[in-house]
C-alpha cells in the first residue's frame with residue numbers, strides 16, 4: 001500500500017525526521033489558508049498522486065503570490081496527472097500539498113528497502129539526490145552507500161556516522177544525519193514498510209538537513225497490525241478492478257494484452273501467461289484465485305476480467321487439488337450467465353473432479369470451449385481472439 005507525500009511526511013515528523021512546514025489542501029480556500037499560516041512569501045504546490053515524475057509532468061509548481069497560488073491550485077485539483085509512471089489516463093489529483101520553500105545548498109538521497117539477497121533491511125544513501133536512484137544504480141553504482149541492518153540491534157549510531165562521512169557531511173550535520181537515519185530505521189521496522197525513500201534529502205544554505213520529498217510503501221501482508229496506516233489508504237489512486245479483487249482476496253494485476261487469465265496458484269498463473277505468449281497471444285492480466293477458491297470467488301474473478309474492455313477472450317486454467325473442478329465449473333457458468341459474456345472462454349480443468357467439471361461445461365450450451373491441456377487451451381484461445 002502506497003502513501004501520499006503529505007502522509008509520508010506526517011509519519012516522518014512523528015519519528016522526529018525534519019520536514020518543511022506545510023499542510024494538505026483539498027480546495028483553493030484551504031490552500032490559501034495554509035499559505036497564510038506559513039512565514040515564507042513563496043510556496044511550493046505539489047499534486048498528491050501515487051506516482052513519481054510529478055515535476056516533469058507539471059505536478060510541482062513554485063508560486064510567489066497568493067493569486068498565483070490560487071490559480072495553480074485551481075488548475076491542479078480535480079484533474080488527472082499523467083507521468084511516466086502512470087497509464088495514459090493518469091492519476092486523479094484530489095489533494096495538493098502547500099509547503100514553505102527552502103534555500104537548497106545540496107541534494108542527497110536516503111532510502112531503505114527489504115533486500116532479498118541479504119534477507120535484511122538495507123539502508124541506502126547517495127550524494128546523487130534529486131534523480132532516480134535506479135538511474136544512479138545503473139550508471140554510477142559506486143555512488144550508492146549501503147548499510148545492512150542487523151535485525152537484533154537495529155540501526156547503530158556508528159553506521160550512521162560512517163555513512164555521514166561518506167556523504168561528505170561535517171560537524172553538526174553528522175549529528176543531524178545520525179538522528180535522521182536512526183529514526184528512519186526505527187520507522188521502517190515499526191510500520192512494516194517495504195520501501196522508504198527521501199529523495200531529495202537536502203542540506204539548506206544554513207546547514208540544516210530537511211526531508212524535501214518522501215515515498216513510502218507499506219507491506220500489504222502486515223496491514224492487519226497497522227490499523228492507523230491502513231486508514232490512510234486512498235482507493236482513488238488504485239485500479240477499480242484491483243480494489244474489487246482485493247475485497248475478494250484475489251491476486252489481480254492488470255496487463256496490456258487481450259487474453260484474460262484466471263488461474264489458481266501464482267506459479268501456474270505465470271506459466272499460463274508464458275504459454276499464451278509462446279503461441280502468439282498477450283495476457284491481459286495476472287489473476288490468481290488461490291488454492292481455496294469458491295464458486296463465488298471464481299464468479300467474481302470472471303466478472304473482474306470481463307470488466308476490462310481490452311479483453312477479447314478468457315483462458316481459465318484450474319488444477320483441482322484443494323478446490324474441486326466441478327465447483328469451478330459451476331462458478332464459471334454462473335458468471336457467464338450473469339454477466340452475459342459474449343467473448344470466447346476456454347477452460348482447462350485438471351485434477352480433483354476434473355471429468356465432472358468438464359461434463360458440466362459441455363452440457364451448458366454456452367460459449368465455453370473445453371481444453372484437454374494447457375497447450376491446447378492456449379492454442380484455442382489465441383485462435384479464438386484472432387478470428
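Glycine residues also receive a Cβ, built from the backbone N, Cα and C atoms like all the rest.
Copied from Swiss-Prot, the annotated features are:
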DOMAIN    9-244  domain 'ATP-grasp'
BINDING   46, 53, 54, 55, 99, 102, 107  ATP binding site
BINDING   199, 213  Mg(2+) binding site
BINDING   264, 321, 322, 323  substrate binding site
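Counting neighbouring Cβ atoms within 10 Å of each of the binding-site residues (99, 107, 213), the lowest count belongs to 107.
Between the CA atoms of residue 102 (ATP binding site) and residue 323 (substrate binding site) there is a gap of 59 Å. Looking at the domain 'ATP-grasp' (9-244) alone, the prediction's average pLDDT is 94. For residue 199 (Mg(2+) binding site), the Cβ neighbour count at a 10 Å cut-off comes to 22, with all displayed protein chains included. Within 10 Å (C-alpha to C-alpha) of residue 107 (ATP binding site) lie the following binding-site residues from 199, 213, 321, 323: 199. Ranking the binding-site residues 213, 264, 323 by the distance of their Cα atoms from the Cα of residue 53 (ATP binding site) places 213 first. Fewest Cβ neighbours within 10 Å among the binding-site residues 102, 322, 323: this applies to 322.
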